[in-house]
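J.: One structure, as structure tokens, below. Some questions next.
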Amino acid sequence: MTQSAPILQTSLKNFSPQANELSVGDISISKIDKLTGSTPFYAYDRQLIINRVTQLLTSLPKQISVHYAIKANPYPSLVQLMAEHVSGFDVASKKEMLLAIQTGIPVNNISFAGPGKSVDDIEGAIIAGVTLHVESVGEIAKVEVAARALNLKANIAIRVNPKFELKSSGMKMSGGAKPFGIDEEEVPRVLKNLPLEYIKLRGFHIFAGSQNLNAKAIISAQQQTFALAQQLVALSTQVTGVKIDYLNIGGGFGVPYFANEQPLDVALIADNLQTLIQQYASLVDGLELILELGRYLVAEAGIYVCKVVDKKLSRGTTYLVCDGGLHHHLANSGNFGQVIRKNYPLAIGNKLNNKELEQVNIVGPLCTPLDILADKIQLPKANLGDYVVVFQSGAYGASASPKDFLSQPNLREILL
Ligand SMILES: Cc1ncc(COP(=O)(O)O)c(C=O)c1O
């Protein structure tokens with residue numbers, strides 16, 4: 001199976017190889033191994049994250065605020081770093097909300113989305129002053145009850161499930177029947193019945209999908225988002241008399257993981273946003289326009305590192321058995337939404353320039369055939385103690401994996 005050469009080359013360059021070995025923040029992975037105490041670990045490169053956010057902010061129109069979706073990577077030091085570079089956070093649980101608040105970012109710039117929020121979640125958000133993205137009529141009723149009991153006003157934005165979908169997305173989250181948001185056609189009725197005594201309607205959240213590498217598809221969704229938002233804002237002003245000051249247009253910016261995937265053309269999207277801002281000037285005036293991104297900001301800044309602990313030959317196939325795998329990196333094992341498993345870009349992190357190659361299958365220590373790190377991959381010949389490094393691992397890694405499966409030792413994380 002071929003590795004995705006362009007992504008691999010970028011990754012190798014990003015993690016500035018010192019001679020034969022990868023490094024993160026100028027520390028070689030063998031030193032990070034000693035620093036953290038052992039493999040497996042995730043290491044995140046602070047400067048790569050800063051570069052990514054800075055480049056993005058430079059290319060986007062100044063009217064756009066970028067919020068970081070903490071679910072992509074909730075490692076506390078990374079979230080703290082993000083707080084210095086983005087305007088706000090999107091959280092998906094009370095734990096993420098507490099993390100966000102403690103970074104010192106203004107609570108006004110924190111939103112709490114996701115279906116099935118508990119009373120405890122809702123009360124927490126109301127007390128903190130965080131904006132609840134309400135996902136159903138039932139949730140609005142719960143918010144009203146909680147706000148009344150607390151004698152506080154809840155800030156909400158209505159998450160809308162639009163009729164359109166974000167085409168060619170890794171995960172579609174709008175169009176058709178969805179657990180997310182209130183169907184577009186239901187919103188007028190919901191607006192009429194909003195309990196405004198206890199609820200302050202800030203605006204709308206329209207999140208159509210995630211992991212999209214097709215700029216044209218994102219542009220099309222954004223065009224439809226602005227058109228829909230214009231209708232909704234006009235209607236809500238008419239029905240509730242409330243001035244809307246908040247529009248979250250979602251995100252969906254993807255990163256390339258596999259062979260034949262190309263990086264997203266953000267410049268095209270930025271140009272189109274500029275056009276939309278001009279076209280919808282009266283809508284945008286006085287409105288906070290939010291782009292909500294997770295993996296695009298962090299995925300390429302993280303690597304997962306584990307060590308070869310056994311090497312064996314089985315009927316002609318060479319296996320590298322490592323001390324890490326599916327339980328730390330579910331996405332790389334192919335079990336986090338992929339239909340057909342493909343290899344992430346990978347390297348033997350301490351043998352970058354070794355010329356002798358070998359085709360191997362790389363597996364983890366779990367007693368299940370699902371525990372795959374790489375399938376039929378050509379890499380420099382590796383032995384016990386060598387490092388297997390998985391690139392594009394800064395998002396949906398540690399926190400999206402079943403760490404307790406088979407009660408293996410804990411992994412470590414570090415931001416350098
Ligand atoms: C509401 C919401 N916001 C943000 C994200 C982050 O998506 P991504 O990390 O692909 O940018 C998701 C992903 O599922 C989401 O559901």
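Including glycine, each Cβ sits where the backbone N, Cα and C put it.
As annotated by TrEMBL, active site, proton donor applies to Cys367. Here TrEMBL flags 42-394 as domain 'Orn/DAP/Arg decarboxylase 2 C-terminal'. Annotation comment: TrEMBL describes 48-299 as domain 'Orn/DAP/Arg decarboxylase 2 N-terminal'. The N6-(pyridoxal phosphate)lysine annotation in TrEMBL covers Lys71.
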J.: Between the Cα atoms of the residue listed as 'active site, proton donor' and Lys71 (N6-(pyridoxal phosphate)lysine), find the distance and write it as a whole number of Å.
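T.: It is 29 Å, counting Cα to Cα.
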J.: Would you mind giving the whole-number mean pLDDT across the domain 'Orn/DAP/Arg decarboxylase 2 C-terminal' (42-394)?
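T.: Mean pLDDT, the domain 'Orn/DAP/Arg decarboxylase 2 C-terminal' (42-394): 96.
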J.: Near the Cβ of the residue listed as 'N6-(pyridoxal phosphate)lysine', how many other Cβ atoms are there if near means within 10 Å?
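T.: Total other Cβ atoms inside 10 Å, all chains included: 19.
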J.: Going by DSSP, is the residue listed as 'active site, proton donor' sitting in a helix, a strand, or coil?
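T.: Reduced to three states, the DSSP call for the residue listed as 'active site, proton donor' is coil.
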